[in-house]
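Asker: Checked Swiss-Prot, it gives:
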| type | residues | note |
| --- | --- | --- |
| BINDING | His198, Ala199, Gly200, Arg240, Pro241, Glu242, Lys243, Tyr249, Ser250, Trp251, Trp252 | geranylgeranyl diphosphate binding site |
| BINDING | Asp246, Cys248, His298 | Zn(2+) binding site |
| MOD_RES | Thr11 | phosphothreonine |
| REPEAT | 172-213 | repeat 'PFTB 4' |
| REPEAT | 220-261 | repeat 'PFTB 5' |
| REPEAT | 268-310 | repeat 'PFTB 6' |
Amino acid sequence: MGSLLFSWKGTQQKDVTIKSDAPDTLLLEKHADYIASYGSKKDDYEYCMSEYLRMSGVYWGLTVMDLMGQLHRMNREEILVFIKSCQHECGGISASIGHDPHLLYTLSAVQILTLYDSVHVINVDKVVAYVQSLQKEDGSFAGDIWGEIDTRFSFCAVATLALLGKLDAINVEKAIEFVLSCMNFDGGFGCRPGSESHAGQIYCCTGFLAITSQLHQVNSDLLGWWLCERQLPSGGLNGRPEKLPDVCYSWWVLASLKIIGRLHWIDREKLRSFILACQDEETGGFADRPGDMVDPFHTLFGIAGLSLLGEEQIKPVSPVFCMPEEVLQRVNVQPELVS
């Protein structure tokens, strides 16, 4: 597999070539085995070096196992004890024991506990107070006490509170104003007002607007066109112009299109072929691109992307929360999407 510049309608684009012998069927059992064994290898270099994002790693692994109907293979009690140990006095939750709390890992922990129907393991009132404390006067959210502002954190805040049934704990109107101020002329969203549109930020902002019932504020046709332009001749999707395709954008772009009701605008079969080509036939798991090293992050978003494409072997996934739809139905959290 190599990258190349591909001429498409007169414009050169970065893309990848997919070999003729690339996998074209879903290797579900291998992926389940890969994830089940990943967390057990606690002395591996890769495992040790990912401690700084452990909570999100647990979320990726559990969610993809649940989507594949394999959640029972994970160590529930060990995970619940770990999450409880990561909650700080301020209410926030950290990536790992001894690390600083952050909104990203607080959301991951709440998603995990929602999967397991075990939110009672943590002090919910303190989590709510922590999220409240990070909202600024303009409605934006910092990720932690150090103050970085990003629309990702706006999404983390409302997603966390929605799962806990506490969305009214923040100033929702001001939060909406801030996110809308990050909308660009091309229909997309950036991390702050005036920042470049990016598929990851668009997912966070459309997800935020779905949770807060504000999708009518989005120009779905304009944004849908920008998102569809992310598809390359290989079938893969990139996050912004002039970038290579990456399996994770099979989630960020595809989920955004689903939220705004424009999923049918892309070539679904070519995208499906690209995602399947990113599997490792020997070890299981998905990589960012065909032939690269696999990891739990891309494995979740490859499987979740296939779910949005209607893969029958995978449970239906929520495009807003990246969790099984059945879990969101159980907790009665069902954001309204554009039809």
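The backbone N, Cα and C atoms fix where each Cβ goes, and this holds for glycine too.
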Asker: Same chain only, sequence gap of 6 or more: which residues have a CB within under 8 Å of the CB of Lys243 (geranylgeranyl diphosphate binding site)?
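Answerer: The list for Lys243 (geranylgeranyl diphosphate binding site) reads Lys14, given in order along the sequence.
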Asker: Residues of the same chain, at least six outside the repeat 'PFTB 4' (172-213), with any C-beta under 8 angstroms of its C-beta?
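Answerer: Beyond its ends, the repeat 'PFTB 4' (172-213) has Cβ neighbours at 135, 137-141, 149-152, 154-155, 157-159, 162, 219, 222-227, 230, 237-240, 249, 251-253, 255-256, 259-260, 319-321, 335-337.
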Asker: Around the Cβ of Gly200 (geranylgeranyl diphosphate binding site), how many other Cβ atoms lie within 10 Å? Please give the count over every shown protein chain.
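Answerer: For Gly200 (geranylgeranyl diphosphate binding site), the count of other Cβ atoms within 10 Å is 19.
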Asker: List every residue in the same chain as His198 (geranylgeranyl diphosphate binding site), at least 6 positions away in sequence, whose Cβ is under 8 Å from its Cβ.
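Answerer: Long-range Cβ contacts: Gly188, Phe189, Gly190, Cys191, Gly239, Arg240.
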Asker: Around the Zn(2+) site recorded as Asp246, Cys248, His298, what other same-chain residues have a C-beta within 8 angstroms of the site's C-beta center?
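Answerer: After dropping the recorded site residues, what remains is Val247, Tyr249, Ser250, Trp251, Phe286, Ala287, Asp288, Phe297, Phe301, Gly302.
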Asker: Using His298 (Zn(2+) binding site) as the reference point, find which of the binding-site residues Gly200, Pro241, Ser250, Trp252 has the shortest Cα-to-Cα distance to it.
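Answerer: For His298 (Zn(2+) binding site), the closest Cα among Gly200, Pro241, Ser250, Trp252 is found at Ser250.
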Asker: For the repeat 'PFTB 5' (220-261), give the DSSP counts of helix residues, strand residues and coil residues.
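Answerer: For that range the per-state counts are 20 helix, 2 strand, 20 coil.
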